[in-house]
Amino acid sequence: MSYMNNTFQSNYDYSKDKNFMSTDIGPSMREMKAQKRRSRPMDNPDADNPYIPKFISTAPWYAQDDDAVERLAHQRIGKKETPSGGRSSIEGSWYVRGKKLGPAATKYRKGACENCGAMSHKVKDCMERPRKRGARWTGEDIQADEVIQDINVSWDAKRDRWNGYDATDYKKVIERYEKLDELQNKGEENRDASENSAVKASRNSTVSGSEDSASITTPSLRMREDVVAYLRADNKNLQYEPKSRSMRDETGYHMVDDSSGGAGFVKASGGEKEDFEKLQMFAWEAERSGTRVHVVANPTAGELEFRKNKASRMTTQKHIDQSILDRYGDGTSKVKDKKAKNNEKEVPDLAILDKSEKSKGESNTDEESENLVIVEGDL
């Protein structure tokens with residue numbers, strides 16, 4: 001053969017010689033296996049293919065539609081007859097809620113619910129209001145039995161959270177929101193109409209020269225002749241405090257009475273606010289000195305410490321004042337001594353007063369006698 005004579009051959013020559021050999025010898029092993037597979041009849045043509053994934057072999061229950069064209073029918077597993085119509089879903093059937101089985105019984109039956117008297121459930125599953133004395137003992141107001149359905153569904157349908165949901169119920173929610181939107185739009189239209197009417201009325205009033213009380217508004221711009229409070233010539237001693245946005249005098253503590261619309265207004269201080277500020281200052285000073293006092297974390301302890309400190313300061317101040325008074329006096333004794341001396345100088349003795357009065361009386365009698373003598377001599 002040619003391939004044996006030539007040691008080095010091209011790929012084309014080698015493949016041609018190989019095909020020649022195969023035609024001479026017969027069909028290859030692969031072709032023989034394929035012919036045998038074709039000639040053997042399939043035992044079960046509807047057998048499940050284990051290599052097809054489940055999400056392809058079984059369509060979900062919510063995606064099934066009788067009218068739609070099945071595009072993956074060649075990969076679906078054969079439908080099995082199930083009580084729910086050969087589907088894994090419960091389409092068209094679900095638990096009936098609140099349906100009763102005919103009229104209620106007239107007397108209590110053995111094995112029924114002790115609370116309401118129905119045979120469809122026990123006491124622990126009863127949804128009726130708990131009675132003081134149940135139907136078992138009273139035999140009154142026995143409820144009818146509920147309809148209990150046994151629906152066989154697949155594993156996925158049992159665990160599907162949307163199973164049994166009716167999408168038509170959401171239409172009620174949409175209708176409710178649409179009504180709210182309509183009412184809101186109507187309110188906005190009415191408000192716009194009222195605003196337009198008010199604007200027109202104000203324009204008409206300004207044109208005609210008559211001003212209505214409703215159309216009078218405060219001017220948003222300052223008048224040209226208006227002067228700011230801190231630029232006035234008569235307020236030389238006033239100072240503007242930007243923190244409180246007010247005008248203050250030189251002391252800075254008293255507010256200035258301003259008649260120009262409350263330029264010197266400030267929030268009222270004192271009362272509990274002042275007490276809290278004192279307590280906060282005490283806490284800060286105590287923390288600096290090493291005492292741990294926290295007003296926010298423990299306000300009761302802080303208040304007690306503040307009161308103790310206040311009482312101790314008052315007692316120490318009293319001791320200091322008393323020691324100063326004992327050493328130097330309060331000055332009232334000297335004033336009393338001066339007043340007493342002045343009174344002694346001003347008020348004379350009673351004996352001196354008697355002597356002076358007697359001497360005055362004697363002098364008066366002597367003068368009268370002299371006058372009488374002179375008169376008699378003249379006569």
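Glycine residues also receive a Cβ, built from the backbone N, Cα and C atoms like all the rest.
These numbers come from a predicted model, not from an experiment.
The compositional bias 'Basic and acidic residues' feature in Swiss-Prot is assigned to 184-194 (among others).
Under the heading compositional bias 'Polar residues', Swiss-Prot lists 195-217.
Here Swiss-Prot flags 327-363 (among others) as compositional bias 'Basic and acidic residues'.
Marked as region 'Disordered' by Swiss-Prot: 23-50 (among others).
Sequence annotations record features per position, and here Swiss-Prot assigns region 'Disordered' to 184-217 (among others).
Taken from Swiss-Prot, the feature region 'Disordered' covers 309-379 (among others).
The zinc finger annotation in Swiss-Prot covers 111-128. Within the chain, the zinc finger (111-128) has long-range Cβ neighbours (under 8 A, six or more residues past its boundaries) at 101, 104-105, 134-136, 139, 141-146, 148.
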(message) Do any residues, 6 or more residues outside the compositional bias 'Basic and acidic residues' (184-194), come within under 8 Å Cβ-to-Cβ of it, and if so which ones?
(response) none
(request) On the DSSP side of things, how many residues of the compositional bias 'Basic and acidic residues' (184-194) fall into helix, strand and coil, could you say? (result) 11 helix, 0 strand, 0 coil
(request) Go ahead and report the DSSP secondary structure tallies for the zinc finger (111-128): helix first, then strand, then coil. (result) 3 helix, 0 strand, 15 coil
(message) Across the zinc finger (111-128), what does the mean pLDDT come to, as a whole number?
(response) 93
